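Structure, as structure tokens:
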Amino acid sequence: MPYEEVERRSEKFESYYKAQKIVPNNEWDSFMGCLKTDLPVTFRFVAVSLVSQLFSHQFNRKVFPSSLYPDGLAFELNMDKKSFRRHPEFRQLHKFLVAETACGILSRQEAVSMIPPLLMDVKPTHYVLDMCAAPGSKTVQILEMLHSDASVPIPTGLVVANDSNNERCYLLVHQALKRSGSPCCVVTNMDAMTMPNTVESGDVVNMNFDRILCDVPCSGDGTLRKNINLWKEWNPIQAYGLHKLQLKIALRCSKLLKVGGLMVYSTCSMNPVEDEAVVASLIAQSQERLELMPTQHMLPKLIRCDGLFTWKAREGRFVRPHNIYELSQVIPNTAFPPDLETAREIHLERCMRILPHHQNTGGFFVAVLRKVGEVSIPSALRTEAITTVKDPFVFIEKTDDATASIVDFYGMKGSFDHLPLLVRSSDNSKKANIYLIINAGLRIFGRSSAKAETCIFRLAQEGVHFLFPMITRRVVTITMSDLTKLLKTNENCLLKELSEDLQSSNCLNYDLDIIVTGWRGKVSAVLYLDKETKLHYLHLLGEDGEDLDRKELAGRRVNGAYLKFVLPAWLAELSARCFLIIAFIHS
């Protein structure tokens, strides 16, 4: 059923949540009225990018920043996504946001989903686990925090981003690596309930984590403003099955957490069965070796409600704990609240529930727990993980012929000798991609299909910004005019159409920490960039992407003219601050 045909009303929902008393009686009408409206458009710029900082500075002058996110990096437009997309005055801005999202400069993320990483207090030295990470927006935030010290290009910490769905893991790789450009991330495909221990290299001691984000699967009724079909699908019974899963995942996270470490448990559900009930049971089963942390001093502009001390369960009718035996197959024992004294002792009020009508957001729940002692919990029921067969990752020796050819061809110097490199193949003659890693990696070289080359590897766009300070050969500064010509074509550009400097050199580079890879042959040159990245650089130069669109839009006309992307004029001034450098790898 199309969204516009779904009635935004549910008697079951209203009856259930009135009984839970998550909303004061005098706010109920405002709460329900807000739920029946669409969410505003929200987005944030990725903090680790200098270009993001330049863009966010411009947006702060023209668009109101979100009060929920620090440093003026997040923004909110007071209109819903559908209106924003259709409004002619915002068409250019909409296309700009789409293009910059595709190349990782910004994240179109719901405001409340940005909150959990902000409560984790991640440091550059931390080992962090994002247990249910896909699609990756929160993982990117964590990686930004890991790279918060600009004086340390590659921090000693790392992020393990896990998801049980194999297909979503590939989306996670794209999100985490494309948007963050960090080599400090490994993506794993494991059932969160049976996530194995990790052993540090050269040691038999398990490697536990300083920080864990446990953003569990949930019923998602906090997303009613976005997922309209939930109005007709919502049922309180769903929460009980999810409660068992959520508790098992949270228990496993508590085992993998270091003593003294922080774990953030979060859901996009407003249901206490998925929220406070899981937290209370988690603390009880850890023998109170997990404790809830106060968060009122954090994010002072965020309006939040205290966690509940008590709530009600429901299976057709409301049920109190003394009836639980007859319904134990439907409602797990752990779904009911503890006694009032226990609830106060474990400080359930330190949980936070975010209600939509307070700051025009979705609904959300967050709890921050600290591990104060070793946790001994019976093993969760194990399920067989679904795995896929892949080529193994193999570390490359520094004396390897491929490495030696790279060092010679690009004139690599300095810390390149200390970078741990690996390849997904044990056959040196068939190496396809080389990775820069700490515990996982970022692609820095790809095998070239060109023949008769001194070096068979070309620079990969994803990791070239890390390598650029180490490259001493094949680099030359190019003009804005040359760069614009190269960006605007999907074909090879004839050298005679470019400046003499480019015709006599092998490699290009630029001065804004944005490195662009490419190829230069005897008579032509081309960039190794996808369309989205080309559009991004054209934005910086104050140019549009009309030429890039012409080929795919051939025959498609709107009002007699080709569709085209034009950068909003107020962003064009950024072009004066951009001096590109592009790395060409073939002579």
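Keep in mind that glycine also has a Cβ here, set from the backbone N, Cα and C atoms.
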Which candidate from Asp121, Asp149, Asp191 does TrEMBL annotate alongside Cys132, Ala133, Ala134, Pro135, Gly136, Ser137, Lys138, Asp163, Asp215 at the S-adenosyl-L-methionine binding site? Asp191
Given Lys138 (S-adenosyl-L-methionine binding site) and Cys268 (active site, nucleophile), what distance in Å do their CA atoms have, once rounded to a whole number? 13
So which one is it: of the binding-site residues Cys132, Ala134, Gly136, Lys138, Asp191, which has the fewest other Cβ atoms within 10 Å? Asp191
Set of same-chain residues at least 6 away whose C-beta sits under 8 angstroms from Cys268 (active site, nucleophile): Val112, Ser113, Cys218, Gly220, Gly222, Thr223, Gly362, Gly363, Phe364, Phe365
So what's the mean pLDDT when you look at the domain 'SAM-dependent MTase RsmB/NOP-type' (31-372)? 88
